[in-house]
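**Student:** Sharing the features that TrEMBL gives for it:
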TRANSMEM  12-30  transmembrane segment
TRANSMEM  42-63  transmembrane segment
TRANSMEM  75-93  transmembrane segment
BINDING   83, 86  Na(+) binding site
TRANSMEM  105-133  transmembrane segment
């Protein structure tokens, strides 16, 4: 029995929607917990982006190692959850605020550290999967 492509597409959209909603809620909670109007430094966005980068490295690293992780899992967790958790638009707006206020040092520090630590977090997630996957296979 063939699966109707339209039903399959709607299911994929729902998975992204559910994951994205959950990731966005977590990002909001992190922002509320970490952002302070007193410092002006967007710790919440930074932590959400780094956490999302680490998680997407883990999720996609696992997907390359384990056939039981399906496209639906990656749609829910990587595209949806991590996509909702991370936010480039808020990052860009926060940098706009730094530039508009003439705070070039914060702009440079926030931009450089976000990119470097974000990439390192993805690589760390993939590395952790490879490390634990390899070690669990030898037991």
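Just so it is clear, glycine is given a Cβ too, placed from its N, Cα and C backbone atoms.
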**Student:** Which stretch from 42-63, 75-93, 105-133 shares the most C-beta pairs under 8 Å with the transmembrane segment (12-30)?
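**Tutor:** So the stretch in question is 75-93.
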**Student:** Quick test of the contact rule: Cβ under 8 Å, at least six residues beyond the ends. What residues does that give for the transmembrane segment (105-133)?
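**Tutor:** Apart from its flanks, the transmembrane segment (105-133) reaches 40-42, 46, 49-51, 53-62, 65, 91, 94-95, 98-99.
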**Student:** List, by number or range, the same-chain residues at least 6 past the transmembrane segment (75-93) whose CB is under 8 A from its CB atoms?
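**Tutor:** Residues packing against the transmembrane segment (75-93) from afar: 12, 15-27, 42, 45, 48-49, 51-53, 55-56, 59-60, 63, 114.
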**Student:** Return the residues near residue 83 (Na(+) binding site) by Cβ distance under 8 Å, restricted to its own chain and a separation of at least 6 in sequence.
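**Tutor:** Listed in sequence order: 16, 19, 20, 23.
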**Student:** Over all shown protein chains, what is the count of other CB atoms within 10 A of the CB belonging to residue 86 (Na(+) binding site)?
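**Tutor:** There are 21 such Cβ atoms around residue 86 (Na(+) binding site).
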